[in-house]
Amino acid sequence: MTSHIDGCSITTSEGLGNSRAGFHAVHERIAGFHATQCGFCTPGMSVSMFSALLNADKTHPPRAGVSNLTAAEAEKAVSGNLCRCTGYRPLVDACKSFSADVDIEDLGFNTFCKKGLPCYDHASQVCTFPEFLKKELKSLDDDPRKYRWSSPVSISELQSLLGLENGVSVKLVAGNTSTGYYKEEKDKKYDRFVDIRRIPELTAVRRDEKGVELGAAISISKVIEVLREKESVLIFAKIAAHMEKIASRFVRNTGTIGGNIIMAQRKHFPSDLTTILVAARATVKIMSSGSGVQEQYTLEEFLHRPPLEAKSVLLSLTIPFWRPVKNSSTHRADPEHSQMKHSRMDTHLLFETYRAAPRPLGNALAFLNAAFSAEVSLNEAGDGVVVNDCLLAFGAYGTKHAIRAKKVEDFLAGKVISDEVLLEAISLLKDEIVPDKGTSNPGYRSSLAVTFLFEFFGSLTTNSWLNGGCKEPLKPVAMLSSAQQIVENQEYSPVGKGIEKTGAKLQASGEAVYVDDIPSPENCLYGEFIYSTMPLARIKSIGFKENRVPEGVLGIITYKDIPKSGKNVGAKGFFASDLLFAEEVTHCAGQIIAFLVAESQKIADIATKLVVIDYDTEGLEEPILSVEDAVKKSSLFEIPPFLRGKPVGDINKGMSEAEHKILGSKISFGSQYFFYMETQTALAVPDEDNCMLVYSSTQAPEFVQRTIAGCLGVPEHNVRVITRRVGGGFGGKVMKATQAQSELLLEGSRPNTERPTPIEYSLVAAACALGASIMQCPVRTYVNRKTDMITTGGRHPMKITYSVGFKSNGKITALDLEILLDAGLSEDLSPFMPSGIQGAIMKYDWGALSFDVKVCKTNTVSRTSVRAPGDVQGSYIAEAIIEKVASYLSIDVDVIRKVNLHTYESLRLFHSNKAGEPTEYTLPLLWDKLAEFSGFNQRVKVVEEFNALNRWRKRGISRVPAVYGVSMRFTPGRVSVLRDGSIVVEVPGIEIGQGLWTKVKQMVAFSLGLIQCGTTSDELLDKIRVIQADTLSLVQGSITGGSTTSVASSEAARICCDGLVERLLPVHAALVEKTGGPVTWDSLISQAYQQSINMSVSNVYTPDISTGYYLNYGVAASEVEVNILTGETTILRTDIIYDCGKSLNPAVDLGQIEGAFVQGLGFFMLEEYLMNSDGLIVTDSTWTYKIPTVDTIPRQFNVEILNSGHHKNRVLSSKASGEPPLLLAASVHCAVRAAVKEAKKQIQTWSNNNGQGIDLSFDLPVPATMPVVKDFCGLDVVEKYLEWNIHQKKNF
């Protein structure tokens, strides 16, 4: 709402600095620390960093060149931002570089160590709001009825506004952040909006001897600041610390305490704020509608009242000062009587808040929050602690609002805390704190309530006094550190140097143009998709609620509107084509049915929610929603023989040689969503002569071109697709195998390409093009996140059954695998998956391997290839089997891994020609080098010692290898030199954050520098521009995917440069002979133009069997700490050694390694992609689907890029880095399993039946979320401990 920013000064990232006026220091440091990849999120990162600097330096000026920002504050600066590419570490380092308490030498790889940091001057910070306007405070007009938006400046004016008319819908607005959670709020039409931020009474802070009164329109950030002014009041400090975990910093800066409380009271928002304030005995002041009477309630009373009327107003909140009652016989604290008759022993006030959430620093709803206050004292004998009074508040666990556990409070009052008392209190608590029906993870949430109660009172059972009452808040400690060991090669300079990524500053400033940044042409229309919510049903009709077409909607396009000359095709597949729209029957929930076109994107988005689809299921079979049902009904896709998994060795012989066997063990995986920052988007513009210009966010423009041409029924030359850059892809914006690739596949390789699901880039572009063709005006769409998540599929779910035979020393002799892979509705690239799965599994020597995969057709959205498709699952399958064998034999799992690492001979047996030469097999070297690099063996002992000394926290450490098969592709290119000496490069690869443009520029500079004129290769870099992909300029464009496009594009450009060098060398020689001195680049090109030499060369890179396939290697070790009371996992440290060959750009490859690892971390630990009973995705927003954030990555993140020497069959001896490191994230999951195993061993010692029924060879599910980890540690672990401890005391 534009009116909401009245009186505000808005500074964008481009406003901080830009390419015209000069970049801001924030932009320069983000670029210099290599902290941007796709760049779509980077302007937000820039503004977050700038905001943190502004806040840190506003009270007193820092010393020159640095900020008052501490390292700990710098890490929190971007904790509310999401990034899928970088892995966050370089972003944090860029922000830390402003801190006075940080040495640049302690930060990650950057371009500043030699030349120094760019200047930072806090005095020149951007602030454009006129000072004289800051004091202006007035209404918009004398007669507010003229406007829908009003900004009263007093309570009386607010009363008059609210009393204007009856029947008028009014919305009070302050921060308006509620629309981020209640999306429907954006769609509601109110008659009037009232902005209450300028009413002094609602923004005032009043302090007296009783407490602090806070105006309801004060932001949460301001409340935190106010509470921290009273540092001596520990309750206030604890409330402030908890409030810092609410939402994210920029939401707290805007969202108000009043708004949060009203959301909880009216809509049952799972608020942290209300829970902790109930425990603090806060009160609220309400102004009733109509009468204007002000009433005061305790917050607890207010939450239980009927929803506050729309025209009633929450005026303020009061948090009282609480002092301990000095009478141990008094059970209830009374704020009116803090001075009472002195008893034998003073009482102490205890206050703590608790929160369990997927992200430690906020930006995620809690599974459960709680806050407890208690007054305690020593008993008469002085050997126990008496609870005189307590208040126990719980919230966010599936009930309507925060509640008190009053039965437990009454039970504890007057009791001396003991294990027996706690156990009885826990029993009462479990009956009182019960999540409502339908709440996710109810058992976990109930166990958290027990955990928090135990943590609060548990220490009192041993008479441990908590520092005289409330524990002192811990001082913030910087979380993250890192170390990188990188070799910059000079042999092919500037190739091999870690130069700054091309366009990084433009991305940071927000000047980089993505499809949605292109200004809308005149008369542009906007579209949104309508998808099915049924898995198998006839579509009888499509209409709107109340049979009324919403204003601004121009039409709904279905398959019936496709031209007669065209086809209903949204993706031309390698095996079959996917439909653009469902026809008479929809075959899965999430399948696209129609494309709604409207006058704006907002109208289109709102209108699709009003669409009513009439379904009919009569006479149709039951939908197939599981792989088991698919097998029963023989609903399977054919796998071509050359793509089926190949057996290795004699499985029967291997099993017969085994001394031990594990038979019929099972593993399963869920899916994973791409979560690119830029969702699917396209703009289609009709052109003359039945042509179409399309801007598409795609990794395969040529495939989009072919799909659109087929849909419209026009020649491909009538369709021009342009793609400059893409805001993240990860396989979600890529395509199927091309003909050139299929020829290679027939020779036995595995593909590294990815084809779209029904609503991936080709469908989005095709729908826009179809709409533009029908409407004869431009049509664009920016698919909203929910629709994108529901319709795009994701990683393949699968279920695995295996049998394994092995020797007593752990050497495996045979492995038999059966895999059921859920492909969804269509084949997509699913038949390619077996080769990826098997290739990753074969990182170990299994002796003999039998491999059977069934690709199941189900009535769910089609699955596709997500970064490291099949490989990530295959790699983990191997680790799960190794873990199982180790548990069976009771041998350390690291020993089992090493025993089963390949020799070069076994590597050749399993991987054939991909194994390369013996010197290329670097995995054993990496394995040993990592142990030295990370101190792995010593840390194993430290972990053992830690676990022996700590009851409620357990650590695990794991070392995991990765082997990844890579295949290169046919790739064209063109290099042209213009008359002024500047150089234009065209390659089919799309810049999606992987540094493709940067590597290509380096390769061109090196190749043209071989002429050895006066201009060096490094100087040539500034003359080179890689331009956007254009399907009518460079043809046979293939795709961007599989980790090799940067290398292949660089090689294609190098081959083109060889042609230019061949043409220019004679000219150069003639000029040298003529002038007798060095020849500059500009004079050389000028002479070439005078001689009419063709200065543009097109050529192709065509790999053969010897150059097209190879194996990549890496090893990672991760150490974690698991809180077995909550299930929270902290990744203490990760060390990675990765073989990049001779890296073309080690800075870019480092970013790829870290980013891939963190995306893998999401798959293994955080990201649940859940469906309902109809197969419709329900984790369909950032509220329910949690990717990693800065507070969930390893606290210490060390990477070494191995400079593994020459590989004659690689491009300048380089190797891929985009996907393989993702597999190494399994090390975290394995480490968590080790920690959980230690927790289970401990529970064994507490068991009266010697631990019978406790499985130490368990399989930890993927992802290992907090509820999963807690479940495996034991939901009743507290009760078991108390029972054991009571038993021990009785027997003592």
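One is the number of the first residue shown, and numbering goes on along the chain from there.
A Cβ is built for glycine as well, from the same backbone N, Cα and C atoms used for every other residue.
TrEMBL labels come from automatic prediction, so no person has curated them.
What TrEMBL says about this one:
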type	residues	note
BINDING	C38, C41, C83, C85	[2Fe-2S] cluster binding site
DOMAIN	142-324	domain 'FAD-binding PCMH-type'
BINDING	D272, L314, R355	FAD binding site
BINDING	Q699, F730, R867, G1042	Mo-molybdopterin binding site
ACT_SITE	E1219	active site, proton acceptor
- Item | Site diameter for Mo-molybdopterin, Å, by largest Cα distance between Q699, F730, R867, G1042 | 13
- Note on the structure: argmin Cα dist to R355 (FAD binding site) over the recorded positions C83, C85, Q699, F730, E1219 returns C83
- Item | Site diameter for FAD, Å, by largest Cα distance between D272, L314, R355 | 26
- Note on the structure: For G1042 (Mo-molybdopterin binding site), the close recorded positions (Cα within 10 Å) drawn from C83, D272, E1219 turn out to be E1219
- Message: Radius 10 Å, atoms counted are CB only; among the binding-site residues C41, C85, which position scores highest?
- Response: C85
- Rounded distance in angstrom between the Cα atoms of C85 ([2Fe-2S] cluster binding site) and Q699 (Mo-molybdopterin binding site): 16
- Note on the structure: argmin Cα dist to C38 ([2Fe-2S] cluster binding site) over the recorded positions L314, F730, E1219 returns F730
- Item | Beyond the site residues C38, C41, C83, C85: chain residues whose C-beta lies within 8 Å of the centroid, for [2Fe-2S] cluster | T36, Q37, G39, F40, T42, R84, T86, M677, G727, G728, G993
- Note on the structure: By Cα geometry, the one of the recorded positions (C41, C83, D272, L314, E1219) nearest F730 (Mo-molybdopterin binding site) is E1219
- Please report how many Å separate the Cα atom of C83 ([2Fe-2S] cluster binding site) from that of R867 (Mo-molybdopterin binding site), as a whole number. 15
- Item | Nearest of the binding-site residues (D272, L314, Q699, R867) to E1219 (active site, proton acceptor), judged by Cα-Cα distance | R867
- Message: Between C41 ([2Fe-2S] cluster binding site) and Q699 (Mo-molybdopterin binding site), how many Å separate their Cα atoms?
- Response: 18
- Here the 10 Å Cβ neighbour count for C38 ([2Fe-2S] cluster binding site) comes out at 27
- Compute the C-alpha separation of R867 (Mo-molybdopterin binding site) from D272 (FAD binding site), stating it in Å without decimals. 36
